[in-house]
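**Student:** Here it is, the structure, as structure tokens.
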């Protein structure tokens, strides 16, 4: 009995450690990216190139782990049809999300970018409803209205609004929402379940290809002409942190649930918003900012609670439940740009 209690306590402690690790890595990666892109710090103002580097690094590491060292196993079941219908659109939307999200940091503050990200459930729900995956209801419309109103209030309270940055950030939100919709439509219906290394092994190379093509035309000419110093150690560390963050997402989901990662994400967002005010000179929080963001987060919490109840009332076979703890259905690589 005592051993069982100690084991339970130990498992609970590990879960909290994984959640804390995710919050630290996720928050740290956001600040790290901002630091690298900032003209006042590392001065690498090439968000497309930075995102491309992340995807190439992830592809290389996954290939070494799976094919060279053979420390990880790539899940079987991937066919050409599934790759074209699932990995291609998901990889393309993932590339779009990271590219536009990173670009937004060139124009708006970290805290304001996080506030705009709160609109994500609205985008996912609306696109899901259009695709027939979500059902319109008075309750959901109310929740979506609360989130939208909160984001609008937070935006109204922003002192230095750069609409170019807002457009980039909202484009990233739409890209992420589309990626989640493609995952729902194309992957879950295929029944393909992959571990996180397999996800990155398949998705990262195509995302890198999607980023490489626009990089040649949009940023490579600027990089060739610009007078900037290449810092391989800093950029390699930044890429490594991104890779570690993606794995931490899996650790949390595999030991808890997808809802837990959402709740932890809410905590992380508040940490990022408050810390950014202390770390970056371009961040000036107002009372209206915080009030609007608080309203939006309340709406997000209501949305998560609604989804939890919906999932709870849906029967899951024992075999599927056991399998769900060891694999995930193309879990999203965390887009903390």
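Heads up, the Cβ atoms here are built off N, Cα and C, so glycines get one too.
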**Student:** Which stretch does TrEMBL mark as transmembrane segment, out of 140-157, 320-337?
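**Tutor:** So the range that TrEMBL calls transmembrane segment is 140-157.
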**Student:** Compare 87-108, 114-133, 140-157, 199-218, 259-281 by their Cβ pairs under 8 Å to the transmembrane segment (163-187) and return the stretch that comes out on top.
**Tutor:** 87-108
**Student:** Ranking 15-32, 44-66, 87-108, 259-281, 287-306 by Cβ pairs under 8 Å to the transmembrane segment (199-218), which is first?
**Tutor:** 44-66
**Student:** Counting only pairs at least 6 apart in sequence, do the transmembrane segment (44-66) and the transmembrane segment (87-108) share 3+ Cβ pairs under 8 Å?
**Tutor:** yes
**Student:** Determine which recorded stretch among 87-108, 114-133, 259-281, 287-306 has the most C-beta pairs below 8 angstroms with the transmembrane segment (230-252).
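**Tutor:** If we count Cβ pairs closer than 8 Å to the transmembrane segment (230-252), 259-281 scores highest.
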